[in-house]
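Asker: Here it is: the structure, laid out below.
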Amino acid sequence: MSESLRIIFAGTPDFAARHLDALLSSGHNVVGVFTQPDRPAGRGKKLMPSPVKVLAEEKGLPVFQPVSLRPQENQQLVADLQADVMVVVAYGLILPKAVLEMPRLGCINVHGSLLPRWRGAAPIQRSLWAGDAETGVTIMQMDVGLDTGDMLYKLSCPITAEDTSGTLYDKLAELGPQGLITTLKQLADGTAKPEVQDETLVTYAEKLSKEEARIDWSLSAAQLERCIRAFNPWPMSWVEIEGQPVKVWKASVIDTATNAAPGTILEANKQGIQVATGDGILNLLSLQPAGKKAMSAQDLLNSRREWFVPGNRLV
């Protein structure tokens, strides 16, 4: 095989842990793992380690959890490992210029989009919401900008009409490690061919918010259906009914014109709850009232039919 590289891995969530797992099976030497500090989680707010930390400790790897890499003493942790390359996957901390320049081959990042489209924090969700036909992963050389570095390798996959952010996340978590291992081989062999990003094609994937997930009935039915898939499983699209949030898990588009005001309930039956939008009709198929499990529209109508009287408006 190619030269075995000394690698520092930096990542935090499950998506990153899958890449670390692939690295550990690749024959390269992972000399240290950086991940975010343990965070309170669950009802008891008990401190919980990240998925990357759990895996790293299982494998007996040195783990470092600085709050920031700006202090000199934390940068020294990186320098002391004398790595050939640092692999960064959903780490969540900014790498200062000094850190980016420490490894012999620099730092590379696995990003969940086909750059330069969807730089930023939420590329998977934004690609779905925008109605993109495909997405993928880009392995890039990191610089001080936000996802602005030269592209080293790309792998693409189609976005289907059934994909949610959850299913797309899983697809990219399979593609990412493949692209990463290939890129490391090219770096070790000296065959990598960096490609500068075309700044005229840049779009930004801004971070999601719970308020943004509130359904805006003035949008088209097609936009809302994509939004529902893009925000599943987090933060989940929702509508307020009698003062409480009701999450919408699944919906379909009925391509029929209506003169009813956006948000007007048109029908509520075993086929779903049909609501007028800014363009077309959205058919709500699976919903989740606060404190309950997700259920079909039919099951919700059996217990809460008064919520969905035709002619009433959802706001």
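Keep in mind that glycine also has a Cβ here, set from the backbone N, Cα and C atoms.
Sharing the record's features from Swiss-Prot:
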{"type": "BINDING", "residues": "Ser113, Leu114, Leu115, Pro116", "note": "(6S)-5,6,7,8-tetrahydrofolate binding site"}
{"type": "REGION", "residues": "2-189", "note": "region 'N-terminal domain'"}
{"type": "REGION", "residues": "210-315", "note": "region 'C-terminal domain'"}
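Let's see these features in context: how buried, what's close, how far.
Answerer: Listed in sequence order, Glu134, Thr135, Gly136, Val137, Thr138, Lys154, Ser156 are the same-chain residues at least 6 apart in sequence whose CB falls under 8 Å from the CB of Leu114 ((6S)-5,6,7,8-tetrahydrofolate binding site). Leu114 ((6S)-5,6,7,8-tetrahydrofolate binding site) falls within neither a helix nor a strand when secondary structure is assigned with DSSP, and so counts as coil.
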Asker: Give me the DSSP three-state residue breakdown of the region 'C-terminal domain' (210-315), ordered helix, strand, coil.
Answerer: 25 helix, 41 strand, 40 coil
Asker: Compile a sequence-ordered list of residues in the same chain as Ser113 ((6S)-5,6,7,8-tetrahydrofolate binding site), six or more apart from it, whose Cβ lies below 8 A from its Cβ; state 'none' when nothing qualifies.
Answerer: Arg119, Pro123, Ile124, Arg126, Ser127, Thr135, Gly136, Val137, Thr138, Ala205
Asker: So around the (6S)-5,6,7,8-tetrahydrofolate site, Ser113, Leu114, Leu115, Pro116 aside, which residues have their CB within 8 A of the centroid of those CB atoms?
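Answerer: Once Ser113, Leu114, Leu115, Pro116 are set aside, the remaining close residues are His111, Arg117, Trp118, Arg119, Pro123, Gly136, Thr138, Asp147, Met151, Lys154, Gln197.
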Asker: Of all the binding-site residues given, Leu115, Pro116, which residue's CB has the most CB neighbours within 10 A?
Answerer: Leu115
Asker: Summarise the model confidence on the region 'C-terminal domain' (210-315) as a single mean pLDDT, whole number.
Answerer: 96
